[in-house]
Structures are given as structure tokens and as C-alpha cells.
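Report on the following structure.
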Amino acid sequence: MIYEGKAITVKALESGIVELNFDLKGESVNKFNRLTLNELRQAVDTIKADASIKGVIVSSGKDVFIVGADITEFVDNFKLPDAELVAGNLEANKIFSDFEDLNVPTVAAINGIALGGGLEMCLAADYRVMAASAKIGLPEVKLGIYPGFGGTVRLPRLIGADNAIEWIAAGKENRAEDALKVGAVDAVVAPDKLKDAALALVKRAISGEFDYKAKRQPKLEKLKLNAIEQMMAFETAKGFVAGQAGPNYPAPVEAIKTIQKAANFGRDKALEVEAAGFVKLAKTSAAQSLIGLFLNDQELKKKAKAYDEIAKDVKQAAVLGAGIMGGGIAYQSASKGTPILMKDINEHGIEQGLAEAAKLLVGRVDKGRMTAAKMAEVLNGIRPTLSYGDFGNVDLVVEAVVENPKVKQIVLAEVEGQVKEDTILASNTSTISISLLAKALKRPENFVGMHFFNPVHMMPLVEVIRGEKSSELAVATTVAYAKKMGKNPIVVNDCPGFLVNRVLFPYFGGFAKLVSAGVDFVRIDKIMEKFGWPMGPAYLMDVVGIDTGHHGRDVMAEGFPDRMKDDRRSAVDVLYEAKRLGQKNGKGFYAYETDKKGKQKKVADPSVLEVLKPIVYEQREVTDEDIINWMMIPLCLETVRCLEDGIVETAAEADMGLVYGIGFPPFRGGALRYIDSIGVAEFVALADQYADLGALYHPTAKLREMAKNGQSFFG
């Protein structure tokens, strides 16, 4: 063994060729943490000092190559002063440059996923051989930053500016054949031939058949584009990418600016440009929020995985209530490998459910994401039925009937008598208490909530609700089934609205107050979309359904009368009475028309102003900032209450629930991180300015205590 560390080893293979192998002990994947970088420094120095070494193969001892930097280290690193952070980045880059400058040929053997710093390591090698099953990419823009280990320098010089911009700005993973096509790798081979192919390649370079120094040279020089070509490549790309990313996600455009700024420099000077831009992005609130989201997501996955130890395997599922929701649940279950019975009380419901599943499958086939054979297999996994005849071997039943407690209790009690004693029953309710529904059951310990969000195939979140009598086995099995369906489950405790809807309705409450104060709902929508929401509150209510919003508002008012009950009628009342139910019947706040592609689009409908007139109680002058505060303060404070009440266990889960469940702007990180970004004391002072609007705007005693003590939710 030439070098042996905890993350890297260097061993002799044959004929002066050595293998530099990444295999981080105690971890399931390789990543560039401080330890790995330090050992890479030592390994490169060892190779450089050994005159007997003729060539180097870089490999991984794990199923993946390297997943990138250790994101957990970013939080502390990014708090360092700018100059210190730049110096640290350049010091790390010197390791990659020294590896690139070795006086022997180097080949990276990419066996699995190589992302971020993992790909940047490969770019520093002279040649790259890739397993056909592997994927490579630079996903840093998804964290609000860009590649910081030479990716913006080496990739454009290797595959051309246009291709590099596309790879870096999109941040997606790229398949082997696409990597070969653009020249990011030199060969693609079967996984079991990878090491042999890398050996053969390095031998040909050692023999002089391939000139590795000539291959290396373009990466050390300036970009081969003249001034006009540069202007065309960069200015066009900046305009397009800015339009795609939007103003709240600066990283993709900053990456292009960095490539442009460094285009006329050689490698070392270009790396300095990269480091300066990287540090600038690292200090943005968008980067801090997106990195926080990534870490929250990891925490969520870890918590969900912990339930695997006691969960039962769901081999056969069932859904009660077909229709669009039932069809969506059936599609999601069957497409991820769990066969499902889909029961309804009439043929029409069954037809609707099957049509929904078929529509989603055809869409995947049309886009080339699924074969016709796979579609047939998934459809065969959905068995429609009007009876309970086959429910005897079902492991878990999702109840998805109408949102009415009496109807749900009748259906749940009925199905309980048709299934095994240990079958889990899960109600897809959005607001009704699980403990209340459980009163109709003989085995309440087998009952939980399983709240899917609409549309099921697109929304990543599932709330798993623990009732007063729900067993840990029932909770764990439901979490495992949600994961198997490809969803991100969050376990919450029972209360009206659970986490997401409990927090959403105060947001709608702020909106109702604004409309009743004479503020134009179109203006409110525009401001909240600019703030970062995927759609404004009026449009969102139309999409959800005014009737659904009306019912949910009443449930929440009953559950939390001290702050959510309003004796005055509001916009949702008059729209509901006027039978303007939103998208579902073509009129709500907006009117809806079908475009040429058959999709609904919203259009202005002046007649709605007459409908709203009776609930406009005053004409109040408000600024854009006021509108944001009227909307966001109630949402944030209710999230705080959910955490304090133990509805959700951690701040990370609360924030991820809002991002995944209602599209909270990711670059703001979630409600609690948003409070942190303002400052807890500053947020409390801000809320106090709006105290006259009612109890929804009153901070809790505990939040005031946090403000007094200088505390935050994420430290």
C-alpha cells in the first residue's frame, strides 16, 4: 500500500500503475469532507514524490463514485469572513490542480453517480471512462451556489461553453450516452468492464499512443472563443436562463457570468474568478435557505427510515373511493410496485378512477418515461371492484371518500369488518380529527391519517397523522408505504387541519382580511407570486375549490375559535353562495377558459366585483409590504404554534411540510427559516405592528421569550 487513509488509499496495480481509491469509512457514500480533502492532498503529494509511478487510475470502493461535497460542513464554512472562505476554496482547488498537473497520465473510472465535487475530481483527470449505468452532473445551483472545485473552469474548456452552461445552469444528472456525446467522458463501457477499460487506456497513454499532455492542455488555457462568439454564447444564455430561473434564484446566471469573466484567463486565474463568485453566492439568503432545505430533507429521510425497523411490508393495498383522488392514489401505488384494489359504490366512480390512472400513464408513455409494456403492467396492478370480496388479504386500506366525518365513520367501520385483524386503515382526510374518526372503530390502534395532496402524482408530501390511539406499528407501516409510493412522509399529531392546512388557513385568513379591506385580489396575487409563491392566494383558492376552502375554513374556525373564527362574512362565503366554486365549474375569483391544448387558463371576470361588494367593509390604503405581512405573519405564527403544541416534532419537519405541501417559496426555506432570516426579535416587533388585525397576528409567549433571549429556530 503506497498510501492508506480513512477515505483514500493508493495501491500499486501493475507496471507502475497505481489506483487512487475513494472509500470513506463508516459512510454509505463517498463525499468531499475535510477529511477526504486532507487525505487527497496527502495522496497527491505521495504520488508526485514517487518517481516509479507511471500512471494513475481514480476509482471508488462504493456503488457511487462521489456524491459531492459534504453539505453539512457548508453551514459553518459559509459563516467565515469572505477572505477566509476564498482562501480556503483556493487551497482546496490547489489539490485538484496539483492532481491535474501530475507528470503521469490519469484516468477516472466512474462506476456510479459522480456529482458536484465528484465530477470536478474527474474533470481534473486526463481521461474519463464511465460505466453505462452511471450518471454525472453539477447540481450545485439547486443549493443556491455553483460548482466551486473548478467545475466552471474545466467543464467549458472540455465540452464547450454552450454545453457547459446547459449542464451547470440546469444542475441535472446526465446519463453516460449524453456525457459521451458532448465529450465529458472519453468512453462508456459495461460496468463489469470498467476497471479493465481504465487500465487499457492508461497503458496506451503511458506508451505514448495517446498524448495525455496534449489532452490536458485545453483545460489549462483560456476558452477557445473569440469576442463575438463569447458575446453570442454568454449574453443569449444569460437572458434565457434568467427568464427560466427568475430573480429569486441567482446562482444559474451568476455561474454564466463567472464562466464569461474567466473565459480569457488560463486555469489558475480562472479559478480565482470562480472562488470570488462562489463566495458571493454562498453569502446569499437564497443559498442559506436552499442549503437549509437540503439538510432538512436529509433529516426527514433519516426520520422516515427509522420507522422501517418496525413497519410491516404492504404487499397488497386498497383504496376506498375511486374518482380522481382514488385514481391518483391507485396510480401512485401500482406504478411503484404495490398492487391495489380500487373500490367504489358505483361504476361511474370506478370509470373516473381508471380514467385518471390511464391518463397519467399515457402521459408518461408519450413523454418516453415509460414503455407501453410497463403501462400495461401498472394497469394490471389496479383492480377495480364494487364489493369487498377480495379485501381479506389487504395489508393497508386508504379511505378517500367525501370529506364528511359521518360518511367517513360509516365507511371505515364497514371496511374494518371486511379485512384482517392487523390490516391498517388510513384516512385521506385533510382536516377531520383522526381521533374523532377512530371512535367508530373496534381497533383504533390500527387507524391513522394519510393525507395526500392534490394532484397526488405531483405533490411530494404525505402527512401521516397519529391519532390518540394509533399504534407505532400503524404509523410506521403507513410511513413505509408512503415512501414506497415515492412520497416524502412527515408524521404529525392530530389536530384540526394537522400541520399543512392548519397553517394554510390563517394565510387565507390574511387574504380574506385584505379583500374585505378593499384591496384588489389580482394585486394581492401578483405581489405574493413575486414574493415567491407558485400562485397567488385567490388563484390557489380557485384551484383548491371554493367549496373545499369554505368547508375547511369552518372546520378550522370550530377547532381554533379564538383566532380563526370571524363573525363577518368574507370573500369565500359570497363566492360559495354565488356557486362560483373555482376551476371546477369555471368561475371563482377568476373565470376559466380552455386553451387549444385543452388546459384551463384563468382570465379576468369583472362580474366578480359585484359578488364581492357586500364583504368589502372599508377602503384601506396598504403598501406591497403590508400585503406580504398581512399574509405571511399569520402563516408563520401558526407554524410556530404547531411546533410549540407538538403537532410537528422539529422545525425542519415544519418547514419541509410547507415547502412540499403548499409550495412555500424554497429560496426562503420555510416559515421558521423565514422568521430566522428576519430575526426572531424583529419578526415579533413586526407582528406587533399588525396586532389590531386580530389574534392571528399575536406572537406566542414562547416566541417572545425566544426574541428576548436572542434565540433562533435553526441556530
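Cβ atoms here come from the backbone N, Cα and C positions, even for glycine.
Features of the protein shown, as given by Swiss-Prot:
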- 1-190: region 'Enoyl-CoA hydratase/isomerase' (REGION)
- GLU120: site 'Important for catalytic activity' (SITE)
- GLU140: site 'Important for catalytic activity' (SITE)
- ASP297, ASN501, TYR660: substrate binding site (BINDING)
- 312-715: region '3-hydroxyacyl-CoA dehydrogenase' (REGION)
- MET325, ASP344, VAL401, VAL402, GLU403, LYS408, SER430, ASN454: NAD(+) binding site (BINDING)
- HIS451: active site, for 3-hydroxyacyl-CoA dehydrogenase activity (ACT_SITE)
Least Cβ-crowded entry, counting other Cβ within 10 Å, from the binding-site residues listed as MET325, VAL401, VAL402: VAL402
Residue from MET325, VAL402, ASN454 whose C-alpha is spatially nearest that of ASP297 (substrate binding site), among the binding-site residues: ASN454
GLU140 (site 'Important for catalytic activity') CB neighbourhood, other CB atoms within 10 A: 28
Long-range Cβ environment of ASN501 (substrate binding site), under 8 Å and at least 6 residues apart: SER430, THR431, GLY552, MET556
Residue pair HIS451 (active site, for 3-hydroxyacyl-CoA dehydrogenase activity), GLU120 (site 'Important for catalytic activity') - Cα distance, angstrom, rounded: 41
Cα distance (Å, whole number) from TYR660 (substrate binding site) to VAL401 (NAD(+) binding site): 24
Neighbour tally for GLU120 (site 'Important for catalytic activity'), based on other Cβ positions within 10 Å of its Cβ: 27
By Cα-Cα distance, the member of recorded positions GLU120, GLU140, TYR660 nearest ASP344 (NAD(+) binding site): TYR660
Under 8 Å by Cβ from TYR660 (substrate binding site), same chain, sequence gap 6 or more: MET459, PRO460, LEU461, ASN488, ILE490
Candidate binding-site residues VAL402, GLU403, LYS408, ASN454, pick with smallest Cα gap to GLU140 (site 'Important for catalytic activity'): ASN454
Closest of MET325, VAL402, GLU403, ASN454 to GLU120 (site 'Important for catalytic activity'), Cα positions, binding-site residues only: ASN454
Distance in Å spanning the most remote Cα pair of ASP297, ASN501, TYR660, given for substrate: 20
Cβ-Cβ neighbours of ASN454 (NAD(+) binding site) (radius 10 Å): 15
